[in-house]
Structure formats: structure tokens, C-alpha cells
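Visitor: Next up is a structure, given as C-alpha cells.
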Amino acid sequence: MQPCRSQPYFTQPLFKTKMEMKMGPASEGPQVPDKETKATMGTENAPGGKASPDPQDVQPSMFHSIKLFVLCHSVLQLAQLMISGYLKSSISTVEKRFGLSSRTSGLLASFNEVGNTALIVFVSYFGSRVHRPRLIGCGAILVSLAGLLMTLPHFISEPYRYDSTSPENTPQDFEASLCLPTASASAPAPSNANCSSSTEAQHLGLVGIMFVAQTLLGVGGVPIQPFGISYIDDFAHNSNSPLYLGILFAVTMMGPGLAFGLGSLMLRLYVDINRMPEGGISLTIKDPRWVGAWWLGFLIAAGTVALAAIPYFFFPKEMPKEKHELQFRRKVLAVTDSPARKGKDSPTEQRPGESTKKQDGPVQIAPNLTVIQFIKVFPKVLLQTLRHPTFLLVVLSQVCLSSMAAGMGTFLPKFLERQFFITASYANLLIGCLSFPSIIVGIVVGGVLVKRLHLGPVGCSVLCLLGMLLCLFFSLPLFFIGCPSHQIAGIIHQPGAQPGLELFPGCMESCSCQSDGFNPVCDPSAHVEYITPCHAGCSSRVVQDALDKSQVFYTNCSCVAGGNPVLAGSCDSTCSHLVVPFLLLVSLGSALACLTHTPSFLLILS
């Protein structure tokens, strides 16, 4: 027995019956049925023999509006992409904080798709059997919990120490990094290479928590987009459904851009802002040892997803289908579409034989299959689908495009940091302001071209090919834009120098320097970096306070020409101004690649 639904209350037969009862026979006056007749009629018309209420007594709530659902779903998908894309904006910071390699961090970012890929196939089976809004809300709650789980490693780990050579009883990067005579040098602190097994196990456990959180992010996101799109398509007016979906996709695409903007703000804050040391820190945001508050963005994004999930528990399983087309959409279609063009290019027209074939297809019979039957029939349906050449080629092109976008979205911030020597916050700001708006523009322009030019399958194929060729053409200059490597004493091999003397120059023989220390200083005159003040032979330091910041200079440096003072931090890049032209070319190529989004979608539908 099927449960009572809200939709039968508004069906046509109920209205007809009541009108006939009110009018009565022609020879008699209007008759009003008594209460018993009403109850009997309601019992006969309602599914399962239960009495259905009078339509006039049913007051639809605000959650019976498909427009409100489109608004809520746009906000939810935006928040979901913001929380899933936030890790990409802080990937280099997470690497630095937990000592991860690029391979591990890339695998961590890709685990978001593991749960999604494993479960997305069964969405088509359960789609017509479940309460879609509530399942979307449950998935969003799981996404929010996964975001909170991503922050757990910060709270259970030890405070960040940005100088591994400093003892516990001295300020970080002060006396422990200076050149002290070998006889009076303090005992070396444990190096990174000699960490205890318990510390290594602790970091492995923290990374494991993040892997689990990423997997849960993918699992929670499974029902959100498919169920939301199908819900809109089922209950929106046929003419309004494309407009609603276009609004949904446009708002959703702002999610990654907001994620990078949020990352730019959060990475300006120190990682241990909730447990700052008593003496404060002497780092600036430009210091290569700086680690931003990567975890704070996950808290904000998770809270946003949780708030966006609340309305879904109030939407009905089914709602009355939208009856009227939007007025402004009718005006636009009346101006842009001529009657001849409508009759010629209408995508909704079908041949008589096509409707019968579609009704007998696997999509129509899927609701009648059990889980076992669905699993058995799925490989056959998949093979039949892949035999379609147009579908297969479009899917392969989208796979290649998605792999390029995933790699670039994950490691582009880190590449900009390392190649142009800019901060993680500035890199995220540039990407959020340039790259993702261009992607939205590319998708919109692609849809406009298909609409204005009335492109068919051949025209869409040509537009896709032209867009990718232009993307390749504008990407060629990227091979010639970059910065030369920094000159780092003891790391960059100088021609004619012996490796032993290069690593341990004679000017610092009297110093006791840790080989794994990292507290870079810059010689402004020669534009050469030293990994620590000790490696530059500096024995003291001076702090100069300015209006809004202070600069640290190390003096009495025996390895620097003339003993000139060196400045704390890495040397500024001489070509950091090239990062904006570089990213503009990347953004233009991304827009041209996304120009093919709408044509590819139409090719699959054709």
C-alpha cells in the first residue's frame, strides 16, 4: 500500500465531482452534499481508502514553492562546493603544517571523489523511492560533520613550532639560530630526521582522520545535486525548468571562488591563533615558515552547510507542479523565437515512434526493479550506452577536461607560491578573483552562442573543437613565463665549487649550525639566501620598529661580504609582477575550455 501523498489532493477528478454535486440536475436547484456524502466521496477517491481533506481546507505552506526550493538548493550547492574546494586553497599550508608530500596531499584531495564515485550509481535506483528533500538534508548534515572532522587534527595536535632547532626554553628563531662558538654552543635539538616513532604515528593518525573526512565529504555530496536537479525538473513548469537549472548552475559555480576567497582571508591569520605563545611570534605572513589558520575556514564553511540544510526537512516529498510560465520568460521567448523557428528547431518535438521507445527504456522500468535486478541489468545498460559514438566521445573529452581542471585547481595555488614567490593568501585571492569568474563567463557565453546561433549537433561539435583549439593556443605562452630560481647558499650548486666546501663554507667553521634548521635570511646586496642566520655567520640581531610593522636584521655576519647585515626572511622575487599576466592567460584558457560545457551537454542529450 502506497502512503498518502499531497499531490492527489489537488487532482482534477476531485474538483469535477464536487462541481457536479453542487450543480445537480438541470431541473433542480443547486444542492450541497451533506457531511456523510463528503466523507464517502473522500474515502472513495483517496488512495488506500482513506478520507482526503477538502482542497479548500488544505493551506499549502511556503515550502510548497519550487522557486523557494531553487533558492535553497542554490545556496546549499554553493556552500557544498565551498567546503569541498577549501582544501585546494590551503593545500600548501596543510603540507607545511603536517609535513606531507605533494603526492600525499594530491591523494588527500582526490579522496573527495571516492565515496561519491562508489555510490552515485545507485542514486538512479533510489531516486524515485525516497523522500528526496530529506535525503538531501541528511547528506548536507553529513557534509557539515565531515567539515568539522577536517578541523580535528588541529585541536588534537601539538602547537606548531616553526624552528625545529630551537630548544624548549628559548624563543623560537632567536639565539638558537645564531652563530655561536662551537665550544659554547648548546646541545643540538632533535632533528626532523630523528623524530620518535610516536610522533610519526601521531602525524599518520592525523592524516588518516583527514582522509576519512574527505571520504565522508564525497558520500554526503552524493544525493545533493542529482536529487535536487530531478526535484526541480519534476515540479517546475516545463518552460521554467531550464531557467531554474541555469540559475542553479550559475550560483553553484561561485562556490569554488568563494572557497579561495575564504582561504585568502583565513591564511592571513596564524595557525595557532587560539593558543598563541606567551611571548608572541616573530613571523610575518611573507615568512616561508608562516602557516595560516587553515582549519578556521572549514569551521565557517561547515556552519554554512549546516544552516543551508535546515529548510530541506520541511519540503514535501511531492508538491503540485508549477502551473504558470514566468511572465518575463514569456516576453523574452516571444521576442527571440519566431514561430517558424519554433516549429523547426523545437527540441521538445518527438517522432511518434520515439515516445514509445523511451517509455520502454531502462530509465522508465528502473522504478519497477529490485536492487538485485538493478545490479544485474546495469552492466548491460552501461555497455549499450557506451556503444553510442557521440556519447562516448563527449564523455572522454569531459574526462580529459575534468582531469586538467582537477589538477590545476588543486596545485595551481602552490605553483604560484613557488614559481612567483608570493604568499598563499595572495595566490588564493588572485585565483578567486580571476579564474573562477572567467569560468562562469565561459559557461554563460557557451549557452548564449548555442541559443543565438541555433546550433545543432554538428554546430555544437564545431564550437567545442574551436573552443579547445583556442584554449591550447592561449596556453602556449605559459611555457615562457616564470621566475629564475633563488640563489640559496649551500643548496644551489655554484660552478667550480666543491660540494663539501659548498655545504660547509670556511666562514662558518667556528659556528655550530644545525643542518636541518630553517630560518631563512637574505643578503640584499648579492640577492643570496642563507637557510639560517647561523649559516650566514651572524652572531647578533637588531629589531627595527616601523609604523605598522617591525623588521629583523642579523648583524656581524662573517659569511657576507663586508659583514653587512642580512634581513630576516626570503629574498623578494624580482619577477613577482608576472603572476597577474600568467593568471590572466590561465583564466582565458579556462573560459574557452568551459565554453564547451553547454554544447557538450546538448550533444549528450542528442
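Glycine is no exception: its Cβ is also placed from the backbone N, Cα and C atoms.
Unlike curated records, TrEMBL annotations are generated automatically.
Pasting the feature list from TrEMBL:
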- 339-360: compositional bias 'Basic and acidic residues' (COMPBIAS)
- 501-561: domain 'Kazal-like' (DOMAIN)
- 20-56: region 'Disordered' (REGION)
- 338-361: region 'Disordered' (REGION)
- 107-128: transmembrane segment (TRANSMEM)
- 135-156: transmembrane segment (TRANSMEM)
- 204-222: transmembrane segment (TRANSMEM)
- 243-271: transmembrane segment (TRANSMEM)
- 291-315: transmembrane segment (TRANSMEM)
- 390-412: transmembrane segment (TRANSMEM)
- 424-450: transmembrane segment (TRANSMEM)
- 462-482: transmembrane segment (TRANSMEM)
- 578-605: transmembrane segment (TRANSMEM)
Visitor: Counting only residues 6 or more past its boundaries, what in the same chain has a CB within less than 8 Å of a CB in the transmembrane segment (243-271)?
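Guide: Answer is 66-67, 70, 73-75, 77-86, 88-90, 93, 97, 154, 160, 228-229, 232-233, 236, 281, 283, 285, 290-297, 300-301, 326, 329, 409, 413, 423-426, 428-429, 431-433, 435-437, 439-440, 443-444, 447.
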Visitor: Going along the chain, which residues at least six beyond the ends of the transmembrane segment (578-605) come within the CB cut-off of under 8 Å?
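Guide: Answer is 390-391, 394-395, 397-398, 401, 404-405, 408, 412, 416, 420, 422, 427, 430-431, 434-435, 437-439, 441-443, 445-447, 449-450, 455, 457, 460-461, 463-464, 467-468, 470-471, 474-475, 477-478, 481-483.
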Visitor: Which residues, given as numbers and ranges, are at least 6 beyond the ends of the transmembrane segment (135-156) yet have a Cβ under 8 Å from it?
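Guide: Residues 73, 76, 80, 83-84, 87, 98, 206-207, 209-210, 212-214, 216-217, 219-224, 227-228, 271, 294-295, 298-299, 301-303, 305-306, 308-313.
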Visitor: Six or more residues beyond either end and a Cβ under 8 Å away: which residues meet both conditions relative to the transmembrane segment (424-450)?
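Guide: Distant contacts of the transmembrane segment (424-450): 89-90, 92-93, 246, 249-250, 253-254, 256-261, 263-265, 267-268, 285, 292, 412-413, 416-417, 459-460, 463, 467, 579-580, 583-584, 586-588, 590-599, 602.
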Visitor: Apart from its near flanks, which chain residues at least 6 from the ends of the transmembrane segment (390-412) lie with a Cβ under 8 angstroms of it?
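Guide: Counting only partners 6 or more residues beyond its ends, the transmembrane segment (390-412) has Cβ contacts under 8 Å with 85, 88, 91, 102, 106, 109-110, 256, 431, 435, 457, 464, 468, 586, 590, 593, 596, 600, 603-604, 606.
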Visitor: Summarise the model's confidence over the domain 'Kazal-like' (501-561) as a mean pLDDT value.
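Guide: It averages 74.
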